[in-house]
């Protein structure tokens, strides 16, 4: 299959040295609130504590299988009040497709369930066990599973961070007829994501992934939005592309260009830079109801109801 090719002018990353490219795609090197060598550990600790609190204080169903694979599990957290019709918020963790877990990713559970939203944290097989193609398939099937499990839902809102934002963006390209169900997708929130994977091939991030050029091109939503027919999701389904002020320039470029492509091909897209946050605390802060991103999520969900 031939993939859309972009010129060097359209790909400014081609002008970067290998050292600069490595820096641009190393989020920990751009943080300002903590030491680069400590930020990932802090992120995992905050996520683990939030998950432990959510499991202790919210009704939940853990390790629900959405497929036959060992890694195909998800955690479901419920509001206090019982209801057969509720919005579903699905979160896909980051970690460059090679780290991270649903077991340390329930940052937003307490603030969102307090407002009547069911929160689902999805696991997928990270590298080296899982390939990008497998991860995309797993995430897509998790959405199908939840639509079938909760057919009366008031909307599915898919949110991903970093690598998870990439996987969520790939769901925009899903062919639902293949799965025999059209999910009630009502919103996408793509946080600090990567939408063209080719720049990563020459970085250390690719060591566990072992991505080839074809792998990267096939799994780059930036390259397929305008060549794949519009999918059967709600015409007014918003796609919010968000990036932290202190994400790297390459993360900013990728987010802005993906937003512009979304607009060009007819999606209801918006772009927002969140001030004062980096690649990590943009998600860490979701433990707070008064956080900017928490409020964006609530507004996105409830303005649709």
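Each position is counted from 1, following the chain as shown.
Cβ atoms here come from the backbone N, Cα and C positions, even for glycine.
Swiss-Prot lists motif 'HGGXW' at one of the ranges 83-87, 88-92, 93-97, namely 93-97.
Residues 104-105, 121, 126-127, 130, 132, 135, 160-166, 192, 205, 209, 283 of the same chain, all 6+ positions outside the motif 'HGGXW' (93-97), place their C-beta atoms under 8 angstroms from a C-beta of that stretch. Under 8 Å, Cβ to Cβ, and six or more positions away along its own chain, residue 162 (active site, nucleophile) finds 27, 94, 95, 96, 191, 192, 193, 194, 279.
Other Cβ atoms within 10 Å of the Cβ of residue 279 (active site) number 25 in total over all chains. For residue 247 (active site), the number of other Cβ atoms no farther than 10 Å from its own Cβ, over all displayed protein chains, is 27. Counting residues per DSSP class in helix, strand and coil order gives 0 helix, 0 strand, 5 coil for the motif 'HGGXW' (93-97).
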